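Some features that TrEMBL has for this protein:
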TRANSMEM  12-31  transmembrane segment
TRANSMEM  37-56  transmembrane segment
TRANSMEM  68-86  transmembrane segment
TRANSMEM  92-109  transmembrane segment
TRANSMEM  116-136  transmembrane segment
TRANSMEM  142-162  transmembrane segment
TRANSMEM  174-195  transmembrane segment
Amino acid sequence: MVSPVTVVKSEGPKLVPFFKAICVYFVLWLPTSSPSWISALIKCLPIFCLWLFLLAHGLGFLLAHPSATRIFVGLVFSALGDAFLIWQDQGYFVHGLLMFAVTHMFYTSAFGMRPLALRTGLVMAVLACLCYAFLYPGLSGAFTYLVGVYVALLGFMGWRAMAGLRLVGAAWRWTELAAGSGALLFIVSDLIIALNKFCFPVPYSRALIMSTYYAAQMLIALSAVESREPVEDYRLRKAE
């Protein structure tokens, strides 16, 4: 088992550009009322840095670990979703929603279906249903169905991220803790977006959304470092 201190020493320097990009975003704090390609670039910059973070481990690492590759692809769709949401008031909210739906599908595929952890899945299903039931009165038109599908995908992703979580024992791995924590923060971030858009204004919503979102993406990217599925195991499973 790799110690947290070792992780910080080995992975911390690779995340420095990410943290700098976040500082740029929060310091500039460009107004959302005037969307532009500059504001889109500044918003996406931390995600670009997470691309570089994974690429810093070598292209061979991504090619040898399918789950890490899927997380990388998920980050690509996340950046597209971020860009679309810059113009959400101009009619591109659905585009952003669809991009993040694809992101969650890639993340779910990366986390895999083993172990199954049905109890965790049941808890996440109940939470997803409760969230949708709370949002439902504020939904109309296509959002009634789109948000329902998105909540289901988000809950499914959260289930798979937390299914392998072991906090004690020899099976404990920090990458699984990172995946589970990242998924929970992603759910919190998206829930704030939904509440703010469909239910009621959330105080400091933008700061809460972006801080939890960037933390979630960082943790999910970190979970790919000690990939749970080397290519040899992947090929054996496909051959079964």
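Keep in mind that glycine also has a Cβ here, set from the backbone N, Cα and C atoms.
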Review point. What same-chain residues lie close to the transmembrane segment (174-195): Cβ under 8 Å, and 6 or more beyond its ends?
Key: 1-2, 4, 7, 100, 107, 111, 131, 135, 147, 150, 154-155, 157-158, 161-162, 164-167, 202, 205, 208-210, 212-213, 215-220, 222-228
Review point. Which residues, given as numbers and ranges, are at least 6 beyond the ends of the transmembrane segment (142-162) yet have a Cβ under 8 Å from it?
Key: 94, 97, 100-101, 104-105, 107-108, 111-113, 117, 120-121, 124-125, 127-128, 131-132, 135-136, 179-180, 182-184, 186-187, 190, 194, 198, 220, 223
Point to revise | Distant-in-sequence neighbours of the transmembrane segment (12-31), which means Cβ under 8 A and at least six residues beyond its ends | key: 38-39, 42-43, 45-46, 48-50, 52-53, 56-57, 207, 210, 214, 218
